[in-house]
Amino acid sequence: MIKNYIKIAWRNLKRNKAYAFISVAGLALGITCGILIFTLITYHLSFDNFHKNSDRVYRLYTEWHDDGIGRSHGVPQPLGKTFRNDFTLAEKTARVISFHDNLITITQGNQVKKFKEDNGVAFTEPEYFDILNFPLLKGDKKTVLVKPGEAIVTEKIARKYFGDDNPIGKVIRVDNKVNFTVTGVLKDLPANTDRKQQVYVSYGNMDEYTGSKKREDNWGGVFSGSEVFTLLKPSTTMESANSAMALIVKKHYTGRDLQVWKFKLQPLSDIHFNSDLDGYADKKYLWALFFIGLFLIITACVNFVNLATAQALNRAKEIGVRKVLGSLPHQLFWQFIAETALITFVAVILAIGLSFIALPAINNLFESQMTFKLFQLSVFIMLISVLVVFLSGSYPGLVLARFQPILALKSKLSQKHVGGFSLRRILVVTQFSISQVLIIGAIIIVSQLHYSQTTDLGFNKDAVVLLPIPQQDKAKLSTLRNRINEVQGVEKSSYCYKAPAAQSNNSTDVNFNHRGEDEHWGINTKQGDENFLSTFGMKLVAGRNFFPADTTHEFLVNETFVKKLNLKPQDVIGKMLAIDGKTIKAPIVGVVKDFYNYSFHTEISAICIMPDYRSYSTLAVKINMRNAKTSLAAFEKIWNETFPEELYSYQFLDDSVGKFYEMDNIQLKLVEAFAGIAILIGCLGLYGLVSFMAVRKTKEIGVRKVLGADTMHILWLFGKEFTYLLLIAFVVAAPLAWWAMHNYLQDFKYRITIGPGIFLTSILSTFIIASITVGYRSVMAATANPVKSLRSE
Amino acid sequence: MLSLQHISKYYQVSGLKNFVLNDLSLEIDQGEFVSIMGPSGSGKSSLLNIIGMLDEPSEGYHYFAGHAVHQLKEKQRSALYKQYIGFVFQAYHLIDELTVYENIETPLIYQDFKGAERKAMVADILDRFNIVGKKDLFPAQLSGGQQQLVGIARALIAKPKLLLADEPTGNLNSKQGEEIMELFRKLNKEDGVTIIQVTHSEKNAEYGSRIINLLDGKIESSKQL
């Protein structure tokens, strides 16, 4: 029996190639998206789940309760040590302090090799490798990193630095400051971990590296790279550990700080998802993806049901004959399920192929290393196949099985016997609602990104080259600037810590005008020389720029600073400002116009700008883009002559600002792709439906033409129908999309408003796409010779 | 073999009963070859469909092989039908996607015959009808007469006691028609199959043992030949 089902299913598909193609293509696209989204979601859910006892592993983090709550995944450096020594709650506790973009130098004979490590170097206590499961391939786990001066690297790094040589015993130099001897090699890190460092060095060398012993006992500041991981004892709860943290605060803080500082534990499983800290994948977005995937599969199924029921009329005769020959309804039902299963099977095979092709592109987009997990994926594919088969096969199956044989044989079946046109209308409306939601979503993301890229940021981000400054040597700095300024095409240059908007920021406490109490908000400090304003094209709203100086004698502040004090810009000029625990005190001499110092996701901070050559890590050069090539070449030459031990690199400011929107761009690309696929599937369905309509209406069209209708009238028969359906779909989709995108935009502090234009664009584009889809078949039907169609009746 | 008593079939159109069959009673014995005649709209096909259990009467009693059909459930009726009745259509109604062989085999599949058994039965009937050479062809590749031959073979494959034929020669030329009628006569005489056919042709009707004339849903005359 099954064989018979399959056989007739196969022949049916061969006979109706267009129908088969549309069904298979639609399902394959839907299932491909399903597979990819499934892979993406399971990939993110698998982050750091391979550690032993991972349910007992926590990271400590800092919270500040002042005006609002601030959080950092970094903690004061002494916290880890105190937690370990003063309490017995944990089996192991390890501090790890990581830096980024470190320069690693390796000297072999006369040959010097330099490497820039984006993921940087981590000063690590040896317990770290007892808590987290990163196994050593070479070296003794009991002794590595215990003594100062040791380093362990991953296999990948070992190969990169030393080729096939044995890395053990080799020396690496970090940032031209400290030498480490490699004593261990780690197995390469799995893709699904947020611990990205590949070079670990002894924690004991921290003071030597930073050049000061102050950090080890400094409870007053937090460096975001300073993290603490702990493996709690099985008997310890998160609550008891959190209350221990309260005791630590009591012991080490005084005055207002007692209320402000809090330390808490974050479960390892939360790290990847918590966007309040440094989580990468907000679960909100994973859910959104899940629903998009589900919607796409539903759209594909809807498509299938649509086509199958339309097709059902053509098969009425076969069904009638089968019934007369003694087939029971359930046999016909299963026959149809078998047919659906065959189509689904072909679609799944295609989808698997497509997924394999698409995965590298997705990995490229996310800069991830996802792979297909064979077992998980095959279970998922099985489930989804069964779901698709029954979701899309059972309705047409039931309809067919219930046919009255006599009516079927006499070709007297009409639309009401196959679920009617209204059912198919509902299905098309569903499909187009889904694609409209996605289209509106894509348009809003595009508009927001366009807005953030074209709005005046308050500073000029074009044609500014950022050169790194590895050493703060006064003489070198002054020579370097003089030589750079002589390069043809250079308009201005400025030494600064970072550009006005940067990923790296320092915040500190504020005391204004000798007030008794510090302000309840922090200030973002931007070190720069007297050319900072002119190089970045920033404007003063009051006062003047500071005079040239190497250290801080005068401050500039921004408008937000003034607003937070509830003052007018003129009022703060000449007043004293003290920051960094009142270690830096100077009068305010000017107020700059507000500029966006973060992305549009974040509010503008209170900012002060002051000269301090020890903080300069960037030379910003405003150039004339017409000479960009020669200028850049000259910069490299001059830079390498100034810092022969360092590795040259440069960045354009607009690229660096663009990095703020990396995630947004990824989201946009995803939504665009999914919207595209939803539209495509929708169009396939629409095409199928209009073909069906054209066949059904052949006689009606013939009669109308004989009665004198012209082509436009006939086309309107089709147009009317689809206009109507699209409008309903739009009415369904618009509020949904508005709600979803309104929530999305809440993530931006500075955002566009969702205006009618966006909705208009969406419906217009859908309209055009639908017209093109419907057009060909409609014109064919409308221009057919009426005599022919009437004679055949 | 079958008995219809006071059978009526009507459609309600805005409160008025529109009779297709009106209080019709009919007895048919095993081994008869009955031809039903009458002008268009006299209820011939409706009568045949009711006898064949493809349609239900609005009123009346229907007995078939000792069962009260009007009291049976759908499933039992279907079982009865599968066991006893074969149908031949004017428009052949072969399944276009299946070959001759598969078309003939289909009723056996629905009656749960085993594969080997099916093979033997189909081979046997192909042989009997002289269409072995055509078994792998599709209906579209056959002439009308050949298609009807396949249709009859398919109707007979499960060895029904009653063969119902709705204008079996309507779409055929006279020579092909004669061949089919000869075949019917042979089936009736040699195999003892009871046959009821609907026909417009006097000549074809005379192949049977009894002719029933219908007019406006009633039996106008009935004559034994």
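Cβ coordinates come from backbone N, Cα and C, glycine included.
Keep in mind that this is a model prediction, so the values were computed, not measured.
Restricting the average to the domain 'MacB-like periplasmic core' (A:21-245) gives a pLDDT of 90. TrEMBL lists A:21-245 (among others) with the feature domain 'MacB-like periplasmic core'.
TrEMBL lists A:290-403 (among others) with the feature domain 'ABC3 transporter permease C-terminal'.
According to TrEMBL, the feature domain 'MacB-like periplasmic core' maps to A:506-617 (among others).
The domain 'ABC3 transporter permease C-terminal' feature in TrEMBL is assigned to A:673-786 (among others).
According to TrEMBL, the feature transmembrane segment maps to A:21-45 (among others). Beyond its flanks by at least six residues, the transmembrane segment (A:21-45) meets 191-192, 272-273, 280-281, 286, 289-290, 292-293, 296-297, 299-301, 303-304, 307-308, 343-344, 346-348, 350-352, 354-355, 358-359, 362, 366, 368, 370, 372-373, 376-377, 380-381, 384, 388, 392, 674, 677, 680-681, 684-685, 687-688 of its own chain at Cβ-Cβ distances under 8 Å.
Here TrEMBL flags A:285-307 (among others) as transmembrane segment. For the transmembrane segment (A:285-307), the list of distant contacts is 19, 22-23, 26-27, 29-31, 33-34, 37-38, 40-41, 44-45, 273, 340, 343, 384, 387-388, 391-392, 395-396, 424, 427-428, 430-431, 434-435, 438, 667, 670-671, 674, 677-678, 681-682, 684-685, 688-689, 692, 740: same-chain residues at least six beyond its ends, Cβ to Cβ under 8 Å.
A Cβ distance under 8 Å defines the sequence-distant neighbours of the transmembrane segment (A:332-359), meaning residues of its chain 6+ beyond its ends; these are 2, 5-6, 8-10, 12-13, 20, 23-24, 27-29, 31-32, 34-36, 39, 304, 308, 319, 322-323, 370-372, 381, 384-385, 388-390, 392-394, 396-398, 400-401. TrEMBL lists A:332-359 (among others) with the feature transmembrane segment.
As annotated by TrEMBL, transmembrane segment applies to A:379-401 (among others). Counting same-chain residues at least six beyond the ends of the transmembrane segment (A:379-401), those with a Cβ under 8 angstroms from any Cβ of the stretch are 27, 30-31, 34-35, 38, 297-298, 300-302, 304-305, 308-309, 311-312, 315, 319, 329-330, 332-337, 339-341, 344-345, 347-348, 352, 417-419.
Under the heading transmembrane segment, TrEMBL lists A:422-446 (among others). Packing against the transmembrane segment (A:422-446) from elsewhere in the chain are residues 292, 295-296, 298-299, 302-303, 305-306, 309-310, 664, 667-668, 671-672, 674-675, 678-679, 681-682, 685-686, 689, 725-726, 728-730, 732-734, 736-738, 740-741, 744-745, 752, 754, 758-759, 761-763, 765-766, 770: each is 6 or more residues past its ends and has a CB under 8 Å from a CB in it.
Summarising the annotation, TrEMBL assigns transmembrane segment to A:673-695 (among others).
According to TrEMBL, the transmembrane segment annotation covers A:722-741 (among others).
Residues 432, 435-436, 439-440, 443-444, 447, 679, 683, 686-687, 690, 718-719, 722-723, 726-727, 729-730, 734, 737-738, 741-742, 745 of the same chain, all 6+ positions outside the transmembrane segment (A:753-776), place their C-beta atoms under 8 angstroms from a C-beta of that stretch. Positions annotated as transmembrane segment by TrEMBL: A:753-776 (among others).
Shown for the domain 'ABC3 transporter permease C-terminal' (A:290-403): DSSP residue counts in helix, strand and coil, namely 101 helix, 0 strand, 13 coil. Residue counts for the domain 'ABC3 transporter permease C-terminal' (A:673-786) under DSSP (helix as H, G, I; strand as E, B; rest coil) come to 97 helix, 0 strand, 17 coil.
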